[in-house]
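Visitor: I am attaching a structure below and will ask some questions about it afterwards.
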Amino acid sequence: MSSQVFCISTGQTVSVCLPANEDPVEFPGAFFTPNAKKPTVYIKKETDLSLLRSHVYDGIKDGSVTVSQINSYLYMVLKDIREKPDKNWTSFGVELGKKNEPMGIFDLLNVEDVKGKELDKKGQDTRLPGDDLWLPTLIFGLYRVSRATQVEYKKTLMTNLYAQCKLRTKDAEEIVDETAEFFNAWANDSNFTKIVAAVDMYFHHFKKSDHAPIRFGTIVSRFKDCAALSTLSHLQKVTGLPIEEVFTWVFNKSVQDDLLRMMTPGQEIDQADSYMPYLIDMGLSTKSPYSSTKNPSFHFWGQLTAFLVKSARAKNALVPVDIAYHELTTAALLFAYAIGRSSELEQRFVLNGKKFTKEKDSREDNDTTPPSERNVVVWLAWWEDIKHEITPDMKAFAKRAVERVGDIRVNSVAEYARKLFA
C-alpha cells in the first residue's frame with residue numbers, strides 16, 4: 001500500500017511506501033475454511049509396544065531417542081484412553097465428540113500412518129508396562145522444560161516434573177540430567193507439538209480424568225504466542241472493569257488497530273474447548289494474530305496500565321521496540337490514575353430497607369479536581385480542562401507505583417516506569 005505526496009521544489013508527485021518486512025498474521029478460523037477438517041498428524045504406528053518402550057526409555061536415558069520414536073510411543077500408550085463428553089463437542093464446525101459416547105485423544109486429530117526405520121531388535125525388550133504410567137508425563141514435562149529460558153527456573157521445573165512422575169507411580173526414575181538439552185529439538189517437530197496440543201486440549205475438557213495431571217507438561221501449549229490476549233484478560237481483572245468498558249479507555253490509534261485485529265470475529269476466542277488456544281502447536285497458524293510481537297502497542301499500554309495499578313505480574317513484561325512510547329505512556333497513566341483515584345463502592349445489600357442515597361456531584365466549570373467516578377467521558381472532559389498536561393498528582397501516583405517494586409528485570413515495564421517516574 002502506498003500514498004502520494006507532492007514535492008514543492010520539483011513539482012513531482014511521489015509515491016511513498018515502507019518495505020513489507022513482516023509476514024501477515026494467520027487466523028485459526030482460516031485453517032478450517034472452506035472445508036472443516038481436523039489437523040493431520042503423521043505417526044509411525046509400531047506393532048511392538050514392548051520393544052518401542054525399551055527404545056524410548058534407553059534413548060531418553062542416553063539422549064539418543066528420536067522424536068519419531070517419541071511420537072510413536074505416545075500414540076501407542078495414549079490411544080486407548082477414553083472419556084465421555086457431557087455434550088456434543090465441536091470446534092470450527094468440526095465434530096470432535098458426541099454426548100455420552102466414548103472418545104479418545106486422537107479423535108482430535110486426523111492420524112496418518114507413515115513408514116519409517118524399523119526398530120533394532122537387538123535384545124532391548126527390557127522394560128515393563130509400568131513405565132507407561134510415568135514416561136509420557138516425563139516426555140511432556142521435558143517439552144515444558146525446553147521452553148524455559150532461565151536456568152534456575154529450569155531446575156525448579158525438573159524437580160517438580162520428577163515429583164509429578166512419582167505421583168503417577170513410585171517406580172518412576174530420574175533418567176534425565178537437569179543440564180540435558182537433547183529434548184529441545186522436539187519442539188521443532190510439528191507432529192510432536194500436535195500430539196502435545198491434542199493431549200492438553202483433551203484433558204482441559206476432561207479435567208476430572210485420572211490422566212489429567214499429565215497436563216503439567218502440556219499446559220504451555222495452550223494460548224502459545226497469545227500474550228496480547230493474556231494482557232487483555234489481565235488488564236480487565238486488575239482494573240475491575242467489564243471488558244467493554246476497558247475498550248472505552250483506548251485513546252491511541254495503534255492500540256485501537258491492535259484490538260480490532262485481535263477481535264476479528266469467528267475465531268472462537270471465548271470458547272474454552274476450541275482448537276483456537278492451540279493455533280500454533282496444532283499448525284493452524286504460523287504467525288499468531290494474538291502475540292505481543294504483532295500487538296506491541298496494546299501489549300505495552302495494557303501492561304504499563306496494569307503495573308501502575310499495582311499488578312505484581314505486569315512488572316516483568318518486556319517493553320516492545322519501535323512503538324510510540326510517549327503517547328502510549330500518557331494514555332496508560334491517565335487510565336491507571338483514573339482507576340486509582342476512583343472506585344465503584346456502593347451498597348449492594350440492604351437490611352430493613354435502609355439504603356444510602358448518594359447525592360449527585362455538582363462540578364464547577366472551572367473545577368480541575370480529578371473526578372471521583374470511573375466514567376471515561378467525565379475523565380476525558382477533565383483531561384481537556386487541564387490542557388492535556390500531566391499533573392503533579394499524576395506523577396506522584398506513578399512514582400508511588402514504582403517505589404513499591406523490588407527486583408526489576410532488564411528491559412521490563414517496571415524498569416521503563418522507574419526510569420521515567422522515579
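Cβ coordinates are placed from backbone N, Cα and C, and glycine is handled just like the others.
The RNA binding site feature in Swiss-Prot is assigned to 320-422; the stated evidence is an author's statement. Positions annotated as region 'Interaction with the phosphoprotein (N0-P)' by Swiss-Prot, on the basis of experimental evidence: 1-180. According to Swiss-Prot, the feature region 'Oligomerization' maps to 180-320. Residues annotated as region 'Interaction with the phosphoprotein (N-RNA-P)' in Swiss-Prot: 320-390.
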Visitor: For the region 'Interaction with the phosphoprotein (N-RNA-P)' (320-390), what are the DSSP-based totals of helix, strand and coil residues?
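Guide: Going through the region 'Interaction with the phosphoprotein (N-RNA-P)' (320-390) residue by residue, I get 27 helix, 0 strand, 44 coil.
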Visitor: Using a 10 Å cut-off on Cβ-Cβ distances across all protein chains shown, tell me which of the binding-site residues (Glu346, Asp385) has the largest neighbour count.
Guide: Asp385
Visitor: Do any residues at least six apart in sequence from Ala398 (RNA binding site), in the same chain, have a Cβ closer than 8 Å to its Cβ, and if so which, in order?
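Guide: Once residues fewer than 6 apart are set aside, Ala398 (RNA binding site) is near Leu308, Leu333, Ala336, Tyr337, Ala417, Leu420, Phe421.
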Visitor: On the three-state reduction of DSSP, what should I expect for Ala398 (RNA binding site)?
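Guide: Reduced to three states, the DSSP call for Ala398 (RNA binding site) is helix.
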Visitor: Looking only at the region 'Interaction with the phosphoprotein (N0-P)' (1-180), report the model's average pLDDT.
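Guide: Per the prediction, mean pLDDT sits at 93 for the region 'Interaction with the phosphoprotein (N0-P)' (1-180).
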Visitor: Quiz question: given the binding-site residues Leu333, Ser372, Asn411, which has the greatest number of C-beta atoms lying within 10 angstroms of its own C-beta?
Guide: Leu333
